[in-house]
Amino acid sequence: MEEANQSVVSEFIFHGLCNSRELQTLLLLPFSTLYLMTVMGNLFVVFLIITHSHLHSPMYFLLANLSFVDFCLSSVTTPKLTTDFLKVNKTISFGGCMSQILCVHFFGGGEMVLLVSMAYDRYVAICKPLHYSSIMDRQRCIWLVFISWIIGFVHAISQLAMILELPFCGPTIVDSFFCDIPLVIKLACIDTHTLGILINADSGVLATTCFILLLISYTYILVIVRLHSKDGASKALSTCTSHIIVVVLFFGPCIFIYLWPLNITWVDKFLAVFYTVITPLLNPAIYTLRNKEIKNAIKRLISQHMNSRDKF
């Protein structure tokens, strides 16, 4: 009886994005380029914020952490996706699959909470500017980041705990390019309908709660500022636009995947690609293109490089 309850599956096989070998070969270069740009873009933002003292403020401290999380989230799935374009059998070990699940939910959950922390920072900066430095001190910023990591870890462990002891005895084909929990539990040898509801509820509650808090935060910012100034709403919107765009891009696909009752394979794959590959690339681009201080820091960095090169 004990042997029957043990998983006999040592590896899973990914179906991938498509069946066509020719199309997979064509997708190799674009996805490799996207991942390279994601790594360089996010790490460059982290480097820029660390090396420029005028960017050592709470907002940029949180932004540096967001860029690091995006780099980690993309690195969990994209390298495997790109190398699998060259393989006929896209396999992953059982342990590797569980590790993917843990890391995706760890970094994904952490980013949700981190975005709420960034919204709180903007609320204090816009609605309580005179008390900003005292409220958003170094210790509070560190605690906000620490809490986001803790919640992400607890969320990931809770997800993994619900599936780790499931009996897997075949089939082993995951109809995606990474180990997504709703698809993996379908391969278990027992009825997982109730478990699937619990898992979706876990992720859905976290995503929806954070999204509602973000909506309330940014709505409150605009309302409060508009009451004090005719031009306040537009200024506040200008300040928060980058944050709002990132929030919509990240939470939209996540909430859709876990709350939408219908499962359409190509839609799920598109959304999975969007929040694991595209969103981590767009985040640094959005913040660098819309932020004057970061653009000025880039100009100073280029200027310093040019001056140092001229000396030689």
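One is the number of the first residue shown, and numbering goes on along the chain from there.
In case you wondered, yes, glycine gets a Cβ from its N, Cα and C as well.
Listed ranges 177-195, 272-290; the one TrEMBL annotates as transmembrane segment is 272-290. Same-chain residues lying 6 or more positions outside the transmembrane segment (59-78) and placing a CB less than 8 Å from one of its CB atoms are 31, 34-35, 38-39, 41-43, 45-46, 49-50, 100, 103-104, 107-108, 110-111, 114-115, 117-118, 121-122, 125, 141, 144-145, 148, 177-178, 246, 276-277, 279-281, 283-284, 287, 293-294.
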